Structure formats: structure tokens, C-alpha cells
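Please read the structure below before turning to the comments.
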Amino acid sequence: MKVSVVGSGYVGTVTAACLAELGHQVICIDIDEERVNKINSGVSPIWEQGLDELIQNHAGGNLKATSDYESAVNDSDISFICVGTPSDDYGNIDLSIVKSASESLGYAIGSKDDYHVVVLKSTVVPETTENFVTPILEQASGKQAGKDFGVSMNPEFLREGKAVYDFMNPDRIVIGALDKHSGDVVSHLYDKVECLNEFIRTNPRTAEMIKYANNSFLATKISFSNEIGNICKKLDIDTYEVMKVVGMDFRISPYFLNSGAGFGGSCFPKDVRALTGKSKEIGYEPILLDSVIRVNENQPHRMIDLLEEKIGHLENKTITVLGLAFKNGTDDIRESRSVPVIADLLYNGAKIKAYDPQANGNMKKVFSSVNYCDSAEEALYNSEACLVMTDWNEFKNLDSEFGLMKNKVVVDGRRIIPFQNLEQEIDYVGICW
Ligand code: UDX
């Protein structure tokens, strides 16, 4: 099939490259010429495991890129919208990029004779496909949705670092179609994909809600585990022992029960906030989801409280922050829990030495006054305490490095330091254990 993919960010590039791998002819559309040139020369515009290889293999063949909507739409049967849906200043979803992409697609569809399918993959709050995207497409094209062109919503469930694997090995594929024909067309795109469960065919607003309910539930599991962990800490109970057993209940499952500094990344915080915003807009106070965010926002401050309990005032003290990325395996610092921690430390007058195997460069753009180090060893040298913020595997091997600290206080926000087996004697504090 011939597919165009609007937006060459994280979701768009993964979608385009994987569809090319499945044998479809794919054209990426992006207004950023640099991204277009990169894809055409076989280079991925973003870092994601396995993606470089796919783009290298298919660029110039099954995979092309352009900034010209009209030629791409004319040359394809289906267009995916994979643009960003960031939070606005109030935490609500900002649909301005979806709007301009839909307008440009609409104009291109207007000058095309054949039936075309538009598929929204961007994460959008329920009703957006029907009440926001479709009217824009209709107005810009002068055509009627469901008759002259089709509209579907097809959410993604891709984890950063495992996105290519997740695309090729989905546990479910959800297609919310405005018109049955467009749903059938989207379904055929995935003919060669082995899906663990059945294809879910539904309406657009249900598809949109499935994505939010899914991410909000995972975020809820984490905040729940953090709350249980915070209670356990007061009672001198090891929450990891507790949650391990709780996770043995097949109705709960053992995943996303690790307590610590909280969840970050480009999805969970933004999606829970967008759903609470939508919920309030339609007159429902989301008590539980508001609390999920509150617990998550509180965890980094708990790290600072625990640190102050140990070493007192932070002013002019040198503190090491180990780990800046929102999780291991990425250089992404969006909504990373290390951001509020560094902000708190700076506010309290501490001097910060930080180390992350991948994310030093990105954090430097946010906090320029931090001393970024090339190794954990360098970051720990002469420091008066250390906060562990990311679950990088290499932190599991730290031991003698702690001996370089002036004062060996280690506050672990990820349960990654093997505190029970260390040779070096440290003053270890777990955030929830
Ligand atoms: C997530 C979803 O998993 C994916 O399906 C969705 O579409 C995009 O958002 P991602 O943001 O890549 O993926 O990260 P994920 O691996 O889910 O972790 C999110 C955050 O939760 C990380 O900060 C991680 O450290 C934290 N986390 C995860 C916990 O604190 N405890 C856990 O038990 C699991």
C-alpha cells in the first residue's frame, strides 16, 4: 500500500520505517528540511534502537521524505498524522500542531480525485478526531468525511527504547473508524503483523480513550506503588518485598509496581494531565487521577527531604546527581524526575555535580550551572551526598566509587544500588524502603 506519514518525530519516524519494513511504500512529510534530508540520505532524525538500520535499508527505496504535502498525498492512499500533542501552560492538550497538519492535509486532499484515508496516530483526548480534526479536513478540502475521504484513529503503544519491537510485535492494534471503509483500509496495512490479541475495531472516541485509560492506569500503578512505599518506609517495611507478592496476583500482574522517584517521559505525565483537563472541561472532577499526579510530583521533593534529614542545610554543599534521563536506555530528559530534584537543590543553594551516560548534553540546556561529569567516579569525588535518579545498569556496579565521597550518604530513588552487598560502607537511604 502507499502511505504518507505526517511528522518525522519519534512516533512518525518509527511508524514510517516499520511500515516500509512491512513492504509498504512510505513517504514521510515534515516541514523541517533537515529531517527530510536526513531520512532521504538514510539517517534517522531521532535515536531509537533498531531504527537507524531500518531507515538505512529502506531510504531511497520503500522510504522517502518530502516537505510537499500535495505530492505526498497524491502519491499515497493513506496519510497518518503523527505530530506532537504537548501540554499547554495549564496542562491541557495543545492541538495547534494537529490543527496545522490537518489543514495542510485537507488542502492536499481537496486537489485529489480519489478517496483518501486520514489516520490520526497522535495521542489526542476523546472527541478530537470527530469534533476537531474531521471538520478541519472537511473545510480545507471542501469534501465530505466518510464519503469522499475516510477518517480513523489508530493509537500507538510504543515504549521509548523498544518502539520498533513494540510496533512489529504489538499486543493489540486498535482502529477507531469514522467510516467502515477507512477502518478496513487501515486494518489491511497491518496484515503482515502478528498481533498477540485480536484487532480491536471501534469508533474514534473509544480508540482515543483506550490510549488515555491505558497510560493513566500504568501511571496509577506507579503512584499507588509509591504511596504504599511511602507508608512502608514509615513502618520500616521493605515495599519491594510487599509489591513482589502483590504482583503475584494474576489480576494485578508484576509490572509497573516499582516504587521510587516517580514516572517521567513524554507520555505518562502529559497524558494523565490531558485526561484530567478534559474531564474537568466536561464537568467531572477526576479525584483519583489528580492524586496520581500529586503523588508523582511529591516524590522528588521527598528525595530532598530525606537528604536534608541526613546532612542538614544544603547551602554550599556539593551534591552528586547520578542519572538525568527519565529512564535507562535513553537520552530523553522530558519530565525526568531529576529536573525537579536539580531545581530544588539549586534553590537550596547546593553545588551540583551530575553524571548520566547519555543525557548530560540535554540537561545542560536546562541547567547550565551544574557541573556535568564524564563518569560516576568523577561525579562522586569529594561530594557530600549522592542522589540516584535513573535506573541505569552501570549504577548496579558502583561500590568502591562511593569511597571517593567526602560524606558517603546515598539517597536511592530507583532501588538500583545493591546496598545489601556493597563492600564500601555507605549511609544508604531508600526513598520508599
Ligand atoms: C510509556 C508507555 O509504556 C507506552 O506504552 C506509551 O505509549 C508511552 O509511554 P515510556 O514513556 O517509553 O512508555 O516509558 P516507560 O518504560 O513506560 O516508563 C515511564 C516512566 O515510569 C519512567 O520514568 C520509569 O522510570 C517509570 N516507572 C516505570 C516507574 O517509576 N516504576 C515502574 O514500575 C515502571
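In case you wondered, yes, glycine gets a Cβ from its N, Cα and C as well.
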Matching residue for the NAD(+) site, where TrEMBL names Asp30, Arg35, Thr85, Thr123, Glu160, Arg334 - out of Lys221, Lys270, Lys396: Lys270
Site-mate of Phe157, Leu158, Arg159, Glu160, Phe256, Leu257, Asn258, Ser259, Gly260, Gly264, Lys327 for substrate in TrEMBL, selected among Lys99, Lys211, Lys406: Lys211
Neighbourhood of Cys267 (active site, nucleophile), C-beta criterion under 8 angstroms, separation at least six: Thr123, Asn215
Using Cα positions only, nearest of the binding-site residues to Lys270 (NAD(+) binding site) (Phe157, Arg159, Lys211, Leu257, Ser259): Lys211
Largest tally of Cβ atoms lying within 10 Å of a Cβ, found at which of the binding-site residues Arg35, Lys211: Lys211
Candidates Asp30, Arg35, Thr85, Glu160, Arg334 (binding-site residues) - the one closest to Leu257 (substrate binding site) by CA: Glu160
Arg334 (NAD(+) binding site) as reference: those binding-site residues from Phe157, Arg159, Ser259 with C-alpha within 10 Å of it: none
Binding-site residues: Arg159, Lys270, Arg334 - member with fewest neighbouring CB atoms within 10 Å: Arg159
